[in-house]
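Following: one structure in structure tokens, then a few remarks.
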Ligand code: GLV
Ligand code: MN
Ligand code: MN
């Protein structure tokens, strides 16, 4: 029988917190959070700091051609596949200090705690930083883990453009993080991701740990509406081809569609680009992205079909051109029952309050689940607030989830001795 962790096994919560605060100094935001968007100079600096910490902890780095970072602690069995633990260091333009970063640095803290206690495992442990999870600068989200899982191609990823027209491939090269490993060539024994909840449920239920059983699926639909640029003062109302009005009606319709699919569906618009974006010019072009999500496949796809049909009708009635491109998608995910049970047992053994939860946000774990048994652990965040510089968690919450991560990882990687 494999040795089990002792009942008092814990990570060093102060050390984890210190790492989080140190990383947050790189790419500070304007309101206490972070702007460390993917493939910026700040992203490169954050990567270098993480690399240094990992190498100080005795880990060996591998980097693939998507810039994904894999930091390995060897196991005792040369044939055993590694247990991966990861998330992302990139942030939203007005992001918090914990979304993604917690999962990467908690992986490192797990390894540091194992080093302190001289724990050996049969399977290697690989702490991972996935490139461009956020999708804020380059759509879609979870771009590099999507290529790793074989769902997206590297050519597609390299050609993705930001709002300034710069492409992913050139920017990855510019910051110096194109590695030499073929993407997806690594095989995983299991994948764990620890993340803040980014919603209000755990805090409201006074639970320390979210045992994540599923992740809801998503469509990002990018609309390009074509109207006619014209003077806002001198163009009579019945002469207008108003792409802005079409956008407003579509936004209202998306709200209605999501409300008609309660419970369990969400829909909204987070990004809009008006052209020419001048106060007294009716827009000639409006580009915006509708984000719809649901844990139920039928509801998700039903919402998409209805939105596309009704948007076509809205635009036809206004004489506005409408084209729609799906720029992001994943199906709802069911996480691996054995790993989910291991997380729940770890929380129970530690005496932490816990509950099952469905992830509302997308995560690299959703793509990892395509190629390996995968699961997630969540901790609460204050007021459920995330994708906001005011995102906050407590040190105790952070370290409780990391304790659970340590135990679940050790059970899966199998302690030797
Ligand atoms: C990723 O952060 C998402 O959009 O869920
Ligand atoms: Mn995240
Ligand atoms: Mn995020």
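A Cβ is built for glycine as well, from the same backbone N, Cα and C atoms used for every other residue.
What TrEMBL records for the Zn(2+) 2 site is 134, 387, and among 99, 162, 170 the residue it adds there is 99.
Here TrEMBL has 88, 99 binding Zn(2+) 1, and the candidate from 189, 195, 214 in that same listed site is 195.
According to DSSP, residue 88 (Zn(2+) 1 binding site) sits in a coil region rather than a helix or strand. Burial estimate for the binding-site residues (99, 134): highest at 99, by number of other CB atoms within 10 Å. Most Cβ neighbours within 10 Å among the binding-site residues 195, 387: this distinction goes to 195. Sequence-distant neighbours of residue 88 (Zn(2+) 1 binding site): residues of the same chain at least 6 apart with a C-beta under 8 Å from its C-beta are 100, 101, 103, 104, 129, 130, 131, 132, 133, 134, 364. The two recorded residues, residue 387 (Zn(2+) 2 binding site) and residue 195 (Zn(2+) 1 binding site), have Cα atoms 13 Å apart.
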